[in-house]
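Quick look at what Swiss-Prot annotates:
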- Thr45, Cys46, Asn47, Arg48, Ser101, Glu106, Asp107, Gln108, Gln112: substrate binding site (BINDING)
- Cys46: active site, nucleophile (ACT_SITE)
- His91: site 'Important for activity' (SITE)
- Gly177, Tyr178, Gly179, Asp180, Val181, Gly182: NADP(+) binding site (BINDING)
Amino acid sequence: MIAVLGIKRNTPIEIREKLTIKVNKHDEYLDKLLKYLEGVVILATCNRTEIYFNVSSINEELLKKIFEIFNWNYSYRKYIFISEDKKACKHLFEVTCGFHSKILGEDQILGQVKTSYFKSLNAKALNLELQRLFQYAITCGKKFKSQSRLFEIPVSSASIVVNESINKDCKKFMVLGYGDVGRLTMKYLLAHNINEVYLAVRNKKIKDEIMDKRVNVIDFEEKNKYINDMDCVISCTSAPHIVIKKQDINNIGSNIIIYDLAVPRDVDDDINDIDRAQVYNIDNISHINDGNKKMRFDKMDSNKFILEKYLNEYYEWKRLRSIAPFIEELKVTSKEIYNKRITTFKNKCTDKDDVDLANRMIKSTSDYYMNRAIDIMKEETLKGSEEECLRIIKSIFMTKK
C-alpha cells in the first residue's frame, strides 16, 4: 500500500525544526529507507517534511526505524500523521496543487515535488505504483496551475515579506542565503525602488550572476559589519543552527525588521526583546493578509474538479493494473488458437494466396475478439464487477476442451 508520513499541520515551529531533513543527506536517507520500504520519495522543503512510501504494512517498529534514520527523537511521534491508500494519494494531489501550503496557493511546491520525484527516480527508489502516482500528481499540478491561472497572482513567503517591508518604507536590505528562496527574494526586491541590498553568501562567485549596482555581495562571515545599518533583514539559509544571534543586534539604532523564512529557524527568538527589532518567523508570515488570499482561494476552489479528475484516473490505472496478468494470459491463449487454426488450414491447403488470405482473416478475427474481451474486462473492472466478468471470459475463451 501507499502511505505518507508527515508533520501535523498545526505543529509549532519549535517542534517542526526538530523534524527536518538534511538536504545533503537525501541519497543516503533513500538508501537506508529502501531496506524497509518498497519505494520512497522524500519531500523536504523549508516548511514541509513528508515521506511517501510503499510498504506491505505499517507498525510502530517501522516508524521507529524511520525516526532513527532521520535522527528524530521518537518522543515527537505525536506530532506525526500517517495516511494510507486513498487518503495518502489525495494528500499528494492536494499538495501539488498548493492546498496544503503554509501560504495558500504558493507557486513553488510543484517544482519541489518534481525535484523530489526525480531524485528518487534517479536513485532507483521507486516501484511502479509510486512512480505512476507521482506522474499523475505532477501532471495534475501542472494542469491545475495553468487552468486556475494562479500565476496571475503569484505568491510566496518571499513575495509577502518583500511587499510588507516595502509598505513599511524599508530602503536598505540584507538577504542571508542564495538558495531557491534567496534567489526569489532578490528577484522581488530588485523589482522595487530600493536603495541597496547586501547579499550575504558563502560562495562569492555568486557575485558574477548579479549585475545590479544596488547589490553588494559579501562573505557570510561579514554580515555583522553591516546588519545594524539595515532597515530589513530577510534570512533564508539552510543552516541547521541559528545564524543571527541576539548579540548581533545593537540595542541602540533605528528600527529593524527581521524576517526568518527558514526551518530550522535562522534567527534567535530573543532578538524580540530588543526594543528596536521585530522578528517574524514563517508561521507569523503565513498569517499576513497579502490582499489576494481570498482571490486565490476562490480560484483554487472552483478548479478542484481537476484534482478529482486526475485522482480518479490514477485509481482507474491502479484497478486496471490488477487485471494485467489476465490480459497477458488472454493474449497468449489468443496466439495459441490462431497458430493452431492457421497450421490446420496450411495442412489442408497448398495454394499460397489462399493461405495468406486465411492467415490475415484468422488473425484479424482472433485480434478482434481478444481486444473486445479486454475492453469488456476493463469496463467491468471499473464498475467493480471484474470477478464475474473474469469467470465468464475464461469460460468462453480460455477453457480447454
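Any Cβ shown, glycine's included, is placed from N, Cα and C.
The model shown is predicted, which means the values in this text are computed figures rather than measured ones.
Here the features listed in Swiss-Prot are placed on the structure.
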residue: Thr45; record: substrate binding site; DSSP class: strand
residue: His91; record: site 'Important for activity'; DSSP class: helix
residue: Asp107; record: substrate binding site; DSSP class: coil
residue: Gln112; record: substrate binding site; DSSP class: helix
residue: Tyr178; record: NADP(+) binding site; DSSP class: coil
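Ranked by CA distance from Gly177 (NADP(+) binding site), the recorded positions Thr45, Cys46, Asn47, Ser101, Asp107 have Cys46 at the top as the closest. A 10 Å cutoff on Cβ-Cβ distances gives Asp107 (substrate binding site) a total of 18 other Cβ atoms nearby, all chains included.
Taking Cβ-Cβ distances under 8 Å and a sequence gap of 6 or more within the same chain, the neighbours of Asp180 (NADP(+) binding site) are Gln108. You'll find the Cα of His91 (site 'Important for activity') roughly 17 Å from the Cα of Asp107 (substrate binding site).
Here the Cα atom of Ser101 (substrate binding site) is found 18 Å from that of Gly182 (NADP(+) binding site). Taking the recorded positions Cys46, Val181 in turn, the residue surrounded by the fewest other Cβ atoms inside 10 Å of its Cβ turns out to be Cys46. Listed in sequence order, the residues Arg183, Leu184, Thr185, Cys236, Thr237, Ser238 complete the 8 Å Cβ shell around the NADP(+) site centroid, once Gly177, Tyr178, Gly179, Asp180, Val181, Gly182 themselves are left out. Long-range Cβ contacts of Tyr178 (NADP(+) binding site) within its own chain (separation 6+, distance under 8 Å): Met186, Leu199, Val201, Asn203, Ile206. A sphere of 10 angstroms centred on the C-beta of Asn47 (substrate binding site) encloses 22 other C-beta atoms.
Note: the CA-CA distance between Val181 (NADP(+) binding site) and Cys46 (active site, nucleophile) rounds to 9 Å. Mapped onto three states, the DSSP output places Ser101 (substrate binding site) in coil.
The record assigns Thr45, Cys46, Asn47, Arg48, Ser101, Glu106, Asp107, Gln108, Gln112 to the substrate binding site, and the maximum Cα to Cα distance across that set is 14 Å. Between the listed binding-site residues, namely Gly177, Gly179, Gly182, the fewest other CB atoms within 10 angstroms of a CB are found at Gly179. Counting other Cβ atoms within 10 Å of each Cβ, the binding-site residues Thr45, Gln112 show the lowest value at Gln112.
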